[in-house]
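Undergrad: What Swiss-Prot records for His59, His61, Asp151, Asp304 is Zn(2+) 1 binding site, and it gives experimental evidence as the kind of evidence. Here Swiss-Prot flags His61, Leu62, Arg63, Asn93, Asn277, Asp304, His308, Phe322, Gly323 as substrate binding site. Swiss-Prot lists Asp151, His178, His231 with the feature Zn(2+) 2 binding site, giving experimental evidence as the kind of evidence. Residues or ranges marked as active site by Swiss-Prot on the basis of sequence analysis: Asp304.
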Amino acid sequence: MNYLFKNGRYMNEEGKIVATDLLVQDGKIAKVAENITADNAEVIDVNGKLIAPGLVDVHVHLREPGGEHKETIETGTLAAAKGGFTTICAMPNTRPVPDCREHMEDLQNRIKEKAHVNVLPYGAITVRQAGSEMTDFETLKELGAFAFTDDGVGVQDASMMLAAMKRAAKLNMAVVAHCEENTLINKGCVHEGKFSEKHGLNGIPSVCESVHIARDILLAEAADCHYHVCHVSTKGSVRVIRDAKRAGIKVTAEVTPHHLVLCEDDIPSADPNFKMNPPLRGKEDHEALIEGLLDGTIDMIATDHAPHTAEEKAQGIERAPFGITGFETAFPLLYTNLVKKGIITLEQLIQFLTEKPADTFGLEAGRLKEGRTADITIIDLEQEEEIDPTTFLSKGKNTPFAGWKCQGWPVMTIVGGKIAWQKESALV
């Protein structure tokens, strides 16, 4: 099916939002211009809505295989499509871990069979993410590994991390890291700060993250490796990443929507839906993340979509697993709380969710360019809705944002020229 989207708006190559039509033919973007006419195409009048590149998320957890009670590739990618994401990068903390030919081939077969959006799987740095034996990077790359990470646990052995970075650099691949120094975690369930003190909870100190990042940056410099930092959360982390970039070290970084919108002051009670890793930090950390995003220290926004069951989250804040769902709330949360409040522009938000992650990892995505695959998201910037977890397509309903009123909701997502999801009656 070919589609002609009429009367939309998009961000052009100069970074300005302008009026446009967009023609999709044979799965490709055929033309982006005003006043397009075409035969043999279904005309869809988007009536002033935003025509955006499909959103790109480099940090997601789909749980399959091994965690299908939390999420599956099918439910997770449907949720991604509903959130406007057309390309997502799946972390390797599954069971089994994609750490060898057999496991990666199985994962890729599952993705091919079940995914509703483009899914790029990470390969593990170490076997079973145990930190002691390096995986076969060459084989994992051959089988389509997006990059290498032991996400969920930082690689604690510096010699192992250096060896991994050297091998990744030879393959022109990135090493991606969840950064925690295990000896400083303190069995914490929240940030070490006012909230932990008030509620008598063990806290995770900010330096637990920043000291690990500082170590890895120096290792990346020694290995001449592209090093990407997951979900930055502290003022100290922003500082060391900024210093590294100024020194010319190949480091990039991401931040989550929840760390941009919330800090520990916003946690109303010991509610496990506010438990994520890294935890919500202090107000100064929150302000540093915004500053880092604006000055280019932080390159992109990634959801860290981490679904869990209601039963798991009901165990209380100390025992419940870390993580919240992110796909279906990311864009409206960011548009409402950052763009509408004048903290960033709409153009910047689009870049942080599309071209910046794509460019950082060399993906042919993130831009509406003629000849490229038609991965497109239509967004109604005027639509206001209340976040209702019962309507999520994800199996995970675990969100701290239930009841929040937000504007800017995706209404249609096109992947490879085909409609992957659309809101009922949104474009009628």
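Glycine is no exception: its Cβ is also placed from the backbone N, Cα and C atoms.
Not measured: the values here are computed from a predicted model.
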Undergrad: Near Arg63 (substrate binding site), which of the binding-site residues Asp151, His178, His231, Asp304 can be found within 10 Å, Cα to Cα?
TA: none
Undergrad: Of His59, His61, Asp151, which binding-site residues come within 10 Å of Asn277 (substrate binding site), going by C-alpha to C-alpha distance?
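TA: So the list reads none.
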Undergrad: Neighbours of the Zn(2+) 1 site His59, His61, Asp151, Asp304: Cβ within 8 Å of the Cβ centroid, same chain, sequence order.
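TA: Going along the sequence, the neighbours come out as Val60, Met91, Gly152, His178, Cys230, His231, Ala302, Thr303, His305, Ala306.
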Undergrad: Provide the number of Cβ atoms within 10 Å of the Cβ of His178 (Zn(2+) 2 binding site), excluding the reference atom itself.
TA: 22
Undergrad: Nearest to His61 (Zn(2+) 1 binding site) by Cα distance: which of the binding-site residues His178, His231, Gly323 is it?
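TA: So, spelling it out, the nearest of the binding-site residues is Gly323.
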Undergrad: So if I measure Cβ to Cβ from Gly323 (substrate binding site) and keep only same-chain residues at least 6 apart in sequence, which ones fall under 8 Å?
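TA: Gly323 (substrate binding site) has long-range Cβ partners His61, Lys275, Met276, Asn277, Asp304, Ala306, Pro307, His308, Asn398.
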Undergrad: Cα distance, His231 (Zn(2+) 2 binding site) to His59 (Zn(2+) 1 binding site), nearest Å?
TA: 9
Undergrad: Please list, in sequence order, every residue of the chain apart from Asp151, His178, His231 whose Cβ lies within 8 Å of the Cβ centroid of the Zn(2+) 2 site.
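TA: Other same-chain residues near the Zn(2+) 2 site: His59, Met91, Thr149, Gly152, Val176, Ala177, Cys179, Cys230, Asn277, Asp304.
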Undergrad: Since the record lists Asp151, Asp304 as binding-site residues, which of them has the fewest other Cβ atoms within 10 Å of its Cβ?
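TA: Checked Asp151, Asp304; of these binding-site residues, fewest Cβ neighbours within 10 Å: Asp151.
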Undergrad: Between Asp151 (Zn(2+) 1 binding site) and His178 (Zn(2+) 2 binding site), how many Å separate their Cα atoms?
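TA: Their Cα atoms are separated by 5 Å.
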Undergrad: Under a criterion of Cβ-Cβ distance under 8 Å and sequence separation of at least 6, what residues of the same chain contact His231 (Zn(2+) 2 binding site)?
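TA: The list for His231 (Zn(2+) 2 binding site) reads His59, His178, Glu254, Val255, Thr256, His259, Pro278, Ala302, Asp304, given in order along the sequence.
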Undergrad: Which number gives the other C-beta atoms within 10 angstroms of the C-beta of His61 (Zn(2+) 1 binding site), all protein chains shown included?
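TA: A count of 26.
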Undergrad: Rounding to the nearest whole angstrom, report the longest C-alpha distance spanning His61, Leu62, Arg63, Asn93, Asn277, Asp304, His308, Phe322, Gly323, listed for substrate.
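TA: 17 Å is the greatest Cα spacing among the residues binding substrate.
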